[in-house]
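Asks: According to TrEMBL, the protein carries these features:
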- 13-126: domain 'Response regulatory' (DOMAIN)
- 134-209: domain 'PAS' (DOMAIN)
- 211-262: domain 'PAC' (DOMAIN)
- Asp59: 4-aspartylphosphate (MOD_RES)
Amino acid sequence: MARGEPVRRRQAGVLVVGAAEPEIQSWLRAAGHLPRAVRRVSAAGAALEAEPVDLVIVDRDSSGKDAPEVCSALREDPRLGDAWMLAITVAAKGRMADSVLNAGADDYLHRPFTRAELIARTRAGLRAAQERSNDRMLRTLMENVPGAIYRSAWHADHQLEMITDEIERISGYPPHNFLASTKRTILTLIHPEDLTAVIDAISHSTPEEPFELEYRIVRADGEVRWVLDRGQLVAGPGNRLWLDGAMFDITERKGAEEAALRHEVEAARTAELRASRARIIDAADKARRKIERDLHDGAQQRMVSLVLDVQVAKRRFAKDPTDIVPFFEKLGKDLQEASAELRELARGIHPAVLTERGLTAAVGAVAARCVVPVEVVDELEARVPPAVEATAYFTVAEALTNVAKYAEATHAVVTLTHTAEGLVVEVRDDGIGGASTGGGSGLSGLADRVGALDGTLSVDSPVGVGTLVRAVLPVNGVG
């Protein structure tokens, strides 16, 4: 449907009532109209009932009623609706024109008249009837639309020319507060935080691209409500722009959308939490199996060997006690090696230095063992909860392991800082970059561990620039 013709209508209907000249109907048909005719006003009701009309041409009828009487009878019939009434009168009787107008006619045409005069008055009457119908339809729509329809100036004062009563339900202000006033306008309702964006959006709209905006308003009672505003800028007299729009209260809809979004976010968070817990359990199972293998292949085998050595020595010493000193020397050495193996194994589970001396000392020990030179910047003033210390320690350990294995770096810096967010751990290197939390880097499991404390882990690793691993660990509320 083309712009400028937003509503399609049926073809206009024309009814001729009375003893009018017979050529009137042929003139109307030639002009593209489809006239119907009745000779008496008493038959007009049935014609109006059968099909609505937009224009009625009235003359005296065959029963003797003059044009004013016919006009009066038709105007009293509700079936006439918004039809335009054109009365044919006699020019010599000057008072006849006043009579038909007083009787309800909208216009008159004196005899004698030409075809051109009749067609011109017919077209003017049909346009007027359509405008009258449009006005009535517009009033009905404005009374029933569940929103405030308005016309506002879009120049300096933004004064409203028209606004419907629904604005009071939406804003709390009665309509008369807005009309002929520059103090109360549509813009004065808008929440201060939304005002600039609304003005910019409307200013950039065009008649071809009407605007549709959602923003907040502040009601008379101070309550903040959400509205949907749809409209467009239109040109008016003096090259001024006018804003025609309709405003709807959508607070309940926005509330439902926000509730649905919160539900989706919570559901996604719950799903991620479950997946994270599953990954943590899987990682713990793998770590436990590794400890079992290490114990079996290392310390356990050494202990079994030591037990066998003691049993062999026991039998030997029963025969020759002088051999006991070398045996105890070897036994002491083997026990020291077994103890060292156990300490090394325990360090991977939870380093003793972390418990005894704190995070700074534990990170220093990890940095000292790294094959890449590591600088530790410690800005901590006090210890943090054990769970936070442990996660921070393993963050540094895993990040430095990746530096040693993959980064091809010449230098790394570990920074420990306490901020309003919590404990911030950063490990930066000057390597080749390209790291991520996926794959086999170990950072994926680390992200789960950090997430278990409601912390965040980020990896910034542009190719060729180096890598920054940053963990933020909340301290408050962590035991």
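Each residue, glycine too, has its Cβ placed from N, Cα and C.
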Asks: Are there any residues at least 6 positions away along the chain from Asp59 (4-aspartylphosphate) with a Cβ closer than 8 Å to its Cβ? List them or say none.
Replies: Val16, Val17, Gly18, Ala19, Ala20, Ala67, Val70, Ala87, Ile88
Asks: What are the helix, strand and coil residue counts for the domain 'PAS' (134-209) according to DSSP?
Replies: 36 helix, 14 strand, 26 coil
Asks: With DSSP helix as H/G/I and strand as E/B, how many residues of the domain 'Response regulatory' (13-126) fall in helix, strand and coil?
Replies: 51 helix, 24 strand, 39 coil
